[in-house]
Every structure is written in C-alpha cells, then in structure tokens.
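According to TrEMBL, the features are:
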- Pro32, Asn33, Gly34, Ser35, Gly36, Lys37, Ser38, Asn39: ATP binding site (BINDING)
- 167-194: coiled coil (COILED)
- 248-359: coiled coil (COILED)
- 406-475: coiled coil (COILED)
- 680-812: coiled coil (COILED)
- 883-924: coiled coil (COILED)
Amino acid sequence: MYLKRIEITGFKSFADKTIIEFEDDVTAVVGPNGSGKSNITEAVRWVLGEQSAKNLRGGKMNDIIFAGSEGRKPLNIAEVTVTLDNSDHYLALDYSEISVTRRLKRTGESDFFINKQACRLKDIQDLFMDSGLGKESFSIISQGKVEAIFNSKPEDRRGIFEEAAGVLKYKQRKKKAEQKLFETEDNLSRVQDIIYELEDQLVPLAAQADAAKKYLALKEELTEIDVNLTVTEIQEAKAIWETKTQELTAIEEKLAGASKQVHDLEGKLVRLRSKRNRLDEQIETEQQQLLQVTEALKQAEGQKNVLIERSKHTSQTASEYEETLAETAEKIVRYREELQTLETAIAEKTAQRQTLKEALVLATKDVEKYSKSSKELMEELRSQYVEVMQEQANTANDLKYLERQYQQETAKNQQSLAKHEALEEQMVEALAMKETLEKEQKVAKQGLQEQLEEYTALKATLEAKRERLAQRQNDMYQAMNQVQQAKARQKSLQEIQENYAGFYQGVKAVLRHKNQLTGIVGAVAELIEVPKEYTLAIETALGGAAQHIVVENEKDGRAGITFLKQQHSGRATFLPLTTIKPRSVSAMVQNRLAGAPGFVGIASELVRYPEQVQTVIQNLLGVTILAADLTSANQLAKLVNYQYRVVSLEGDVMNPGGSMTGGANKRGNQGSLFSQAQELQTITEQMTQLETQLRSVEQEVQALSQEVKTATERAEMLRSAGEQNRLKQQEIDNKLANQTETITRLTKEKRLFEYESRELHQFLTEYQTKKATLTEQQASLTATKERLDAEMKQVEQEASQMETFKAQAQERLTTVQAEQAVAAEQCAHFARQKQDKQEQLDELLIRETAIRQQLQQLSSHSSDHQLTEEGLAAQVAQLAEKQTALQTSLQTARSQRQALQEEVDELDTKLAEENKRQQQYLADKTQIEVLKNRAEMQLDSSLSYLQEEYSLTFEAAYEAYFPIDDLAQAQQTVKRLKQEIERLGPVNLSAIEQFEQVDERHQFLVSQRDDLLNAKEQLFETMDEMDQEVKERFKEVFEAIRGQFKVVFPNMFGGGRAELVLTNPEDLLNTGIEIEAQPPGKKLQHLSLLSGGERALTAIALLFSIIRVRPVPFCILDEVEAALDEANVARFGHYLSEFEDGTQFIVVTHRKGTMEAADVLYGVTMQESGVSKIVSVRLEEVKEGGAIEKSN
C-alpha cells in the first residue's frame, strides 16, 4: 500500500486544484520558506481526520480555506482528496484503490467521503485506526514531533511508544469506558436515590394496597353473597307478588259477586222496610189515637166519678177546716205569751252569770296569792339573793379584766407603731424593685417576642423551602428519569435507524453495504422529511416506493441488483437519477384545485428533500393530491376527472379511474419509517429541553439546598439565643414573683396593723362606756341585795297569817263556781225552751194560712162541679164508640206488619250472611294487598339496592346467580363482611395501582441498578483487560524499539551507543521513558545533555527505530532534518534508502543531502503572490535554501 495521489483545492495557499502524483519510492517536496510546501503535509493531516485548527497553524478551522490574495478573491470551500493504492488490501475495504475526501465550506459545513460515498469523520478515523496511518500516527512526522521527542518529559515521551504499539485505540476505549463508568456511577447514584425514595413510598403504599386488596376481596365476597341474597330476596318477593296478584284478582271477583248480592238484598230490604215503616207509622198513629181516646174515656169517667165524690167531700172538709182554724188561732196566742216570759228569764240569768264571772276571777287570784307557803316564798327569795351575789362577783371580775385588757392593748399599740414604720420602709423598697423588674421583664419579653416572631417566620420559610427543595429534588429525579428514558429511546431509535429496521431485506442489505457500492444516494424514506400532520398521507401515497433506493445512474442500479443476487439478500427497486423523470399536475388543474374545499396541496410540495433527488420526489409524489378527509378527497377526484390520485390525511385513497382504497390500519402510524425519524427528531429536541430543564432544576436544588442550610443555621442561632433569653426572662419572672409575694405579704401585714389599730381605737372608745355600765350594775346589784334581805325578814314575820287567808279565799272560790254553774244551766234551758216555742209558733202560722187557702178553694170548686158533671156524660159515650173502631183497624195493621217483619227478618239474616262474607273478602283483600305491597316494596328496595350499591340490574345480577342453601348463614356472613369492611376504615383503592406502578418502577430501577452494577463490573473488567493488553503490547513494542534503537543509533552516528530506560518498570501503564545516548567520543548521558543536532539526530534515530518495528505504508517527513549538519543530513538521506522496500517516504525539505537521496522531486513555488503551485524540478535546479530556478 502507498500514497498514490493528493488532490488539493482551496486549501490554504493552494487556491487552484493541485494534483500531486507519487510513486512507490522516495519523493522530496522542496521549496523556499513561505512557499507553502508544509501546507501539503497539513492537507494530508487534515484529510486524515485532524480536528484541531491549532495543529494546522490556524486560529479557527475556516482559516484553512484560501483567504484570497492581491489578485484573487477568497474561496468559500476547501477540499482535499488522498488516494491510496490498496491492492494489497492493507486497509479493510474490498477496494484496490481508496480515495478519502474532506470538504469544508466557509459556512462551517463539512463533508466526508470514502470513494465518493458520503460518510462521517468517525468512519475515516475508524478506517485508519491502528493502520499506522492517521493524523497522529508515524505516517506524518513534522519537525515539531522530532522536537517533542527530545524536549518532552519522560511521561509525555511515552505517547510516541504507545502510538507505535498501537494501543491508542485501547486507551481511547479505556477513556470511553472511564467516561461510561463515570456516567454509570452517576446514573447508579441517581437510580439509587430514586430507589430510596420509592422504597419510602412502597411501605405505606404496600399497607394501603394490602388494605385495598383486603377491601376488594371482602367487597368481592360480600358482593357475591349479598347480590345472590338480594337476587334471592327479589325472586321470593316477585313470587309472593305474583301469587298475591293472582289471589287479589280472585278475591276481587268474589268481592264483586258478594257486593252485587248485598246490593240486591239491600234494595229488597229497603222496599220492605219502607212498606213496614208505613205500617208502623199507621199503627203508631192509630195506637196513639186509641191511647188518647182510651185515656180521654178513662179521664172523662174518672172526672165524672170524682166530681160526684168531690162534691160530697168538699162540704165535709170545709167544716173540718173551720174547726181546725179556730184551734190554731188559740195556740198562736198562747205560744206568743210563753215566748215573752222566756225572754225575760234569759235576760235575768245572763246578768247573773256576768256578776258571778267577775267574782270568780277575784276569788281565783286570792287563792293563788295565798296558796304559796312561806317556806316556798323564802326559798325563792334566797335563790334570787344568791343570783344577785353571783352577778355582783361577775361584775367585779369584769371590771378587773377590763382594766387588765386596757393595759395590754396600750402596750401592744406601742409595738405596732414601731413595726408599722419598718413596714412602710420595706414597702417603698419592694415597690421600687418591682418597678425595675417589670421594666426588665417588658424589655426581655419584647426581645423574646421579636426573636420568636423571627424564628416562627424563619421556620415557616424554612419549612416552605424544605418542601420546595423536596419537590424540586423529586422534580430533578423525575427529570433524570425522563432524560434516561429519552436517552434510552433515542439510542434505541438510533440503533433502529442504523440497522435500517423496518426496511425490506433487500433494501436493508444495499443500505448496509452502500460504502462498498457506488452511487447509492439512499432510500426514499431516508431522503425526505415529512411534516407530522402529513405522515400517514405521504406514507400511504408512497406505499412500497418509500423503500425504493435512489442511485446516481443506471450502472449503479445494476450494480446494486447484481450485489443482491450475489448475496442472495432479496430484492429492491432502484431509482436512477439519470432516468427518472419528474411528473406534475397540470397548471390548469392546479388552478381548479386552489380554491376547492378540503384541498391541502400537491404531495411533492409538502415534503422537504435534497435538491439532488428532486426529480425522484416529483416523479413519486408530483401527481398525488392531498385532501383534508375522505369526503374532500372524493370531491377533488371528481374535480380532476379521476385523472390523478387523491389521498386524504387519514390515509384513504381515490385512485385514478375512480377506485377507492381505505379503512383502518391495525398498526396505525406507529413504527413507520417516517414516524421513527420524526420521533427521533422529536425526542432529540425533547432531550435538549429535558437536559436544560434538568440543569435548571439541579441549579435550583443546589441554590435551595444552600438557602435551607443558611436558614437552618440562622434558625438554630435564633433558637439558641431565644433559649438564653427565655432563661433570663424566667429568672426575671421568678424575681418579680418573689417581689410581688413580698409586696403582698407587706400589704397583708399593713392591713393587719390597720385592723388592729381600728380594734384598739374601738376598744378605747368602748372602755369608758363598759366601765361605767359595770359600775352602775354593781350599784344596782347592791340595792337589789338589800331589798331581798328586807323581804326575807318580812316573809318570816307573815308566815302564820297566810294559811288563814288561803282557806277563806278557797271557800269563796267554791261558792262562786257553784253559783256560776247553776246560772249557766238555767240560762241554757230557757234558750232551748224559747227555740222550741218559736218553731211551734212558726208552724201554726203556716198551717193557719194553708187552711184559709183550702177553705177558699173548696168554696170555688163547689159551684163548678155541678156544671161539669153533665158534659162529661156525653163525652164518655162518644169516646167509647171511637175506641172500638180504632181497636179493629189496629188489629188489621198489626197482622200485616207481622207478615212483613218476618220477610224482613229473613232478608236481614241473608244480608248479614252476605255482609259477613263480604267483610271476610274485604279483610282477605286487605291482607293480600298488604302482602303484595310489602312484596312490591321489598322488590323495589332490593332492585334499588342492587342498582345503588352494586350498579347492577336484576338481569345482570341473575347471570352470576347461584342458589343459597342456608340463607341465615349467608346473612350472617354478609353482616360479618360489612363489619370487617367497616373496621378497615377509609380505603385508598388507587393505592393498588399506585403500589404496582411504584413497585414496577422500583423493580425496573432495581433491575437497572443491577444492570448498571453489572455494567460497572464489566467496565472494570474491560478496563483491566485493556490495561493488560496495553501492558503486553507496550512492553513488546518497547523491547523491540529498544533493540532497533541500539542498532539504528550507531548507524546514524557512525558509532556510539544508546539506551531506552523505563522510569518506573513496575508501572507499565504510566511509566515514562528516558533516552540515554553516547555519541562517538562522548560519555553516556541523558538526551537533554546532548547538543541540539545530536538531540535531533537521536530523535530521528528513534523514529527510524519505531518505523522498523512498526512499518507504515507511507511516511511524510516535514523538515525533520532541519537541525542537522550536512554530514548528518547525508546520513539521514542515506538511511531513507534502506526503507524503500517497506515504506514510501515523502520528504518536505530544503536540504541538499536529503534531496540527493530522493527519487522524485517536486517543487513548490509562489509565482503568484499568496498562491502555491507544484512544479517538477531537477536536483541541479534547486539552490541553497530550497529556492528553485527553472531553466528555459
């Protein structure tokens, strides 16, 4: 393999397209300083993947584009192509020639191609990795790299050996693995935090879920039994209701019959009773008339007889009344005289009784006065005398006590006055101290209140910040989770896209090998970008054409078909850009469509695509019309006479000619080629937003954490200060309480003094009064004592006369009492006699009046009797005749009534029986209606219960019905289940789903954590394996280079020796490398101690040693020998020839010795200012300093 050709356009000073051809030998590129010859080296470095503008001697990447000169304008594009001969298949591509192109536009857009197939920079870097080629490999060695060898530290020098050992890919992989390990650790930490949070949620949720499950189980069991019980009740109630309805119908029929019978009987009875009533009225009338006639007859006969007897009796009675009247008058006169006599006697006796009553009072007093004996009187006087003596002694004692009390109170008052002065002084001090303490208390309370208010406000703020922090942390974890999920989905979609998932087998095979095939532009689905709202319509319109492959020409299409045949990889449709012609809707039709309802647009105009494939897109979609819906599509198809295909946004199709295609797609729009691309774009945008949100939330969480920390510290400080102030206030409160207690005590003592002073004042006021009173009592008792002495002496003298006086008084008392009793009895006797006589007189007067009235009546009746007797005789005869007629008529009416009554009684009996039967029917009907209503209510209640409690109809409940053997047991079970459900209390039914979601997420995260732990372990193992591989390769290559260095160095220097030494042989991953050299005639020493030329030649010797160990297909040396003297340059040039068979050397130089060793010379000149050109030169045309002089 060798570098065959370089094509440079617009790169730095190479404004024009420049092609440099190389042969498989040593080529030298010469030219003066500033001619741009090193730009060739940099062009190769750039096309091989260099990304640092600094390494290309620029400030920014756009600096590599030709910037213009005096005579030329700046270019907008730089492009370099390197062509390699790969006939030996050194590179892992099945091509004998490989061209790598890199293009940069001034707008910043970059394009990369391998064999004219677009690719990524990474694809180019991967192509040359570990091939010995590449931007950092030994295929390009500049003077700076040589200087880096002898100027760098041992640790930095190690990189050259690692590059030679081909372990850079391992280090890059390790770096990626470390980055991935860091990300894994970060993800693991985040996942673990979320797991901890979820575990905190799982415990209460598990309890709630268990309660909910238990509730649901109980509810399910309750529902099953209760519904069946209710269905049973409904069936029973329905059966009862149906039975009672039938019974009610039957009883109503019976009741109707009975009612009719009763009605008929009652009608007949009414008629009979009416007839009977009329007879009764007739009988009653005739009986009344007969009774009246009979009574009148009897009365007339009686009156007639009475008149006869009365006439006789009246004369006799009148004579008797006159005699009686004379006797009564005599008695009245006599009784009146006797009453007068009795009244006089009563008056006399009443006066006598009053006189005797007065004499009795006097006699009684005399008896009482003289009935006491002289001995008793003496005892009484002595007793009074002793009492007076005792009172006299008590009074004397009271006087003595009063005097002693006066002396004590006077002394006590003196002591109280002294104590009162001391109390006044203590009270003043206590009040002053209390006032001071109250001021201190007020200040302390105010300070404590302010601290408390600040602390409360701070606690509220802190609590709010903690809640906000917890909420934002939760938001952060959720955002992390969303980012992870989005990343996972993005990676999945990218893998799907990279693996061409969804494409047909043949299409997938071609797209996967498009780097091996030429002219593959891509699948139609890859090349167009469809707005989301048109996805279904465009996918429907394209159908299988979405997977057609666009190629540059027919040849490329044939190559693709041949490839599929050779690989047996299926079939594909190719669309050559050179043959596919665009199609479009005519302008006239478009004008018609423009204003049509439901017209969306022409499909090819609604998608975005590269200009390169415009003809293909117009061919596929240029004659497809999009409509808003099926109705619009139908109308638009008619509008264009069914000449074009019309597709609705819902995917319905109106085909040319009039056929219609439509319906529902089971898969919908999920997973379509367009939707995957859209989803990837959407999720990429979402990831950017989510990551921005996450960073924002993380910053907010960090700020909130700091705020919470600051607030917590402030709150703790306030709490501590508040506690100290509270203790201080408590101390002040205690002192104030003690002082208040002291003031209270002093106040009580002061009040006690005032009370005692008032008591003393009152005592002194009362002292004189009491003393005078006691003195007077003493004098009075002395006088009483003297009087009692005199009385006792007199009693002793009069004791003999008292008995005589007593006997005389007792006799007078007895006589008066006897006389008074006689007078009282006589007085009462006269009163009773008077009362009797008065009553008898009153009776005689009444009797006299009555007799006189009787005599007057007898005189009147005697004259009337004679006239009446004659009229009564005629009346009696007439009444007797009428009585006989009435008796005959009454007998006839009674016979008729008897017959009617018997008939009525018979009907009454029948009616009573019918009424009884009817009442029974009514009672039965009422009972049946009650039972029916009860059953109906039970039915309604049970149906309502089913609906309200379980949202079931009877039919739905009956579908799961099964008979219940023991209803009582089932009812007990229902009662028990309801009690158990009630004991559960409030139940969160959503806890089951929440628990499952949280548990599922927890398990998922635990699984992710385990995966991350496994991935972490695998990363460690991978890193260990890579470290081991690096160690082994480094050691192997180092020893090989070390051996070659020992050989190359003396050859380059013409003698001497050199050694490579590891600074830390135990740590092959990090050890530095020292270079010790001993040029001829010098001692062995470190590279840094050699001269500049010696250091450069040593470095070149090391590079040649590395190339011997790790040959490269080609090597560009850019003025590496600049620091060498001519002799060493000659050695350098000579040494190049030794590598001709294994490595192609391209040397950028201006040294003659190097030029002489070259097989081909190219010169770089600037014939036009700022523009480099390549010319072929001969050695003799190159002057000193690299200047080229062309001969004509």
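From the backbone N, Cα and C atoms, a Cβ is placed for every residue, glycine too.
Any TrEMBL annotation is an automated prediction that lacks curation.
Sequence features annotated in TrEMBL and their locations in the structure.
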| residue | record | contacts (Cβ under 8 Å, 6+ apart) |
| --- | --- | --- |
| Gly34 | ATP binding site | Met1166 |
| Gly36 | ATP binding site | Lys12, Ser13, Phe14, Val1164, Met1166, Ser1172 |
| Ser38 | ATP binding site | Ser142, Asp1118, Glu1119, Val1148 |
| Asn39 | ATP binding site | Ile8, Phe11, Lys12, Ser13, Phe14, Ser1172 |
With pairs restricted to those 6 or more apart in sequence, evaluate whether the coiled coil (406-475) and the coiled coil (680-812) have 3+ C-beta pairs under 8 Å.
yes
Where among the binding-site residues Asn33, Ser35 do you find the Cβ with the fewest other Cβ atoms within 10 Å?
Asn33
Taking the center of the Cβ atoms of Pro32, Asn33, Gly34, Ser35, Gly36, Lys37, Ser38, Asn39 at the recorded ATP site, which other residues in this chain have a Cβ no more than 8 Å from that point?
Ser13, Gly31, Val1164, Met1166, Ser1172
Counting only other Cβ atoms and using a 10 Å cut-off, which of the binding-site residues Pro32, Lys37 scores lowest?
Pro32
Asn33 (ATP binding site) in three-state DSSP notation:
coil
Where does Ser38 (ATP binding site) sit in the DSSP three-state scheme?
helix
